[in-house]
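First up is the structure itself, then whatever we jot down about it.
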Amino acid sequence: MRIAMVGSGYVGLVSGTCFADFGHEVVCIDKDPDKIAALQAGRIPIFEPGLAALVADNARQGRLTFTTEMREAVAAADAVFIAVGTPSRRGDGFADLSYVYAAAREIAAALSGYTVVVTKSTVPVGTGDEVERIIREAAPAAEVAVVSNPEFLREGAAIADFKRPDRIVIGADDPRAAQVMSEIYRPLYLNQAPILVTGRRTAELTKYAANAFLATKITFINEIADLCEQVGANVQEVARGIGLDNRIGSKFLHAGPGYGGSCFPKDTLALVKTAQDAGTPVRLVETVVAVNDSRKRAMARKVIAACGGAVRGRTIAVLGLTFKPNTDDMRDAPSLSIIAGLQDAGARVRAYDPEGMEQARPLLPDIHYATDPYDCADGADALVLVTEWDAFRALDFARLRAAMLAPVVVDLRNVYRAEDLARRGFRYTSVGRPSEPAADA
Ligand SMILES: NC(=O)c1ccc[n+]([C@@H]2O[C@H](COP(=O)([O-])OP(=O)(O)OC[C@H]3O[C@@H](n4cnc5c(N)ncnc54)[C@H](O)[C@@H]3O)[C@@H](O)[C@H]2O)c1
């Protein structure tokens, strides 16, 4: 199959590369000339484990090319995927669909022969109808079907998720288009990945329902963590105790600083808006959004409390800036709100992240960027773990202790053990767990 991928960001680049790896002929298109120049030169603009090698391999074999010019690639394609951004619209939180609609107009101008236009971007229910209307209006003679194929990959594990998905959802009202989509995903049939073919609107809504459910699960355990702190219980044990129940499942039950990232915050907001507009408010999700927003600032207050109630003039070392490990994505990262809260209270912030510092710099211009965790801790009054990169799991705490002014560690990911840190002389605070080591430890 010949595929044109419009938008070569996290989703477009990973999807396009994996489709090429399936054996399809893929052209990845982006309107950002720097991104395309980098890709053509063999440089990968994002950090995603395994991606550089897979891009290089498929580019070398001639199945994967990059361009800023849509016309030729779209004209030759059997399927054109739209994988452009759908950020929150300023003001009301609805998904900003201007990039999707602009892409649809450009695609319409280049269509030739029967083509399936596939929305891979996360888009509110009904967007496929509008994409189809735009294309039919601009190109009345075009033989086209518009399909929804939401993407469920996770940054940091994107290639594995794409190649071994829990499921593939295809919203196609046209049987011929469904056939083209099955051909594209055929390599995954061999792996027996469940493929769910639904109506287009159902597919669109499925993506938001999935993200809202996961965001709810995280927010639920975060509130249980707060309760654990008040009543002397341990949230990790509670999570295990409930997660072993198959009806609940153990994933997404890690208490922490609140969800962030490129998807959950904007997708929960967009679902709330869609539901309000449809006259069927999703009050549970509205509450999740509100609870999660207030949680991020509350984490700054937690750090301040661990420092004795004030941080004015103190130095706080922050380990991890990205919204999760194994990505350089800083979009809506909890670190942004936490650091803002600490700075508002008068703290100086030093930070270190293995991959995210370049992306962080424009968003956090007033902090000191350290060269490693020990440099980060140098002269600090407290060390705060915000993102659980593997590199932070086995730190030399004696060395950190020697570098720091005060022995305070705030672990917002529950990575360390209270007894280990107590033994090394630290005052330790985590999330939803007793701060002091258990008496029998
Ligand atoms: N990032 C994720 O983990 C993830 C997972 C699942 C779904 N999604 C969804 O996928 C979509 C894309 O997300 P992303 O994180 O890849 O975004 P991104 O911002 O990383 O990439 C979008 C790219 O599209 C390009 N673009 C915009 N308009 C264009 C046009 N008209 N022609 C060509 N290129 C154009 C931009 O230059 C940019 O490079 C969003 O709807 C998002 O919600 C993202």
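Every residue gets a Cβ built from N, Cα and C, even glycine.
Here TrEMBL flags CYS263 as active site, nucleophile. Secondary structure at CYS263 (active site, nucleophile), taken from DSSP and collapsed to helix, strand or coil, is coil.
The NAD(+) binding site annotation in TrEMBL covers ASP30, LYS35, THR86, THR122, GLU155, LYS266, ARG331. In this view, LYS266 (NAD(+) binding site) is surrounded by 23 other Cβ atoms within 10 Å of its Cβ, with every protein chain counted.
According to its DSSP assignment, ALA255 (substrate binding site) is coil. What TrEMBL records for PHE152, LEU153, ARG154, GLU155, LYS207, PHE252, LEU253, HIS254, ALA255, GLY256, GLY260, LYS324 is substrate binding site.
What TrEMBL lists as domain 'UDP-glucose/GDP-mannose dehydrogenase C-terminal' is 317-418.
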CB < 6 Å to ligand 1, subset of binding-site residues THR86, GLU155, LEU253, GLY260, ARG331, seq order -> THR86, GLU155
Fewest other CB within 10 angstroms, which one of the binding-site residues LYS35, ARG154, LYS207, ARG331? ARG154
Rounded to a whole number, how many Å is the Cα of PHE152 (substrate binding site) away from the Cα of THR122 (NAD(+) binding site)? 9
Counting each residue once, how many in the domain 'UDP-glucose/GDP-mannose dehydrogenase C-terminal' (317-418) are helix, strand and coil under DSSP? 34 helix, 18 strand, 50 coil
Where ASP30 (NAD(+) binding site) and CYS263 (active site, nucleophile) are concerned, what is their Cα separation in Å, rounded? 20
Judged by other C-beta atoms within 10 Å of its C-beta, the most isolated of the recorded positions LEU253, ALA255, CYS263 is LEU253
Measure the Cβ-based neighbour count of THR122 (NAD(+) binding site), defined as the other Cβ atoms within 10 Å of its Cβ. 25
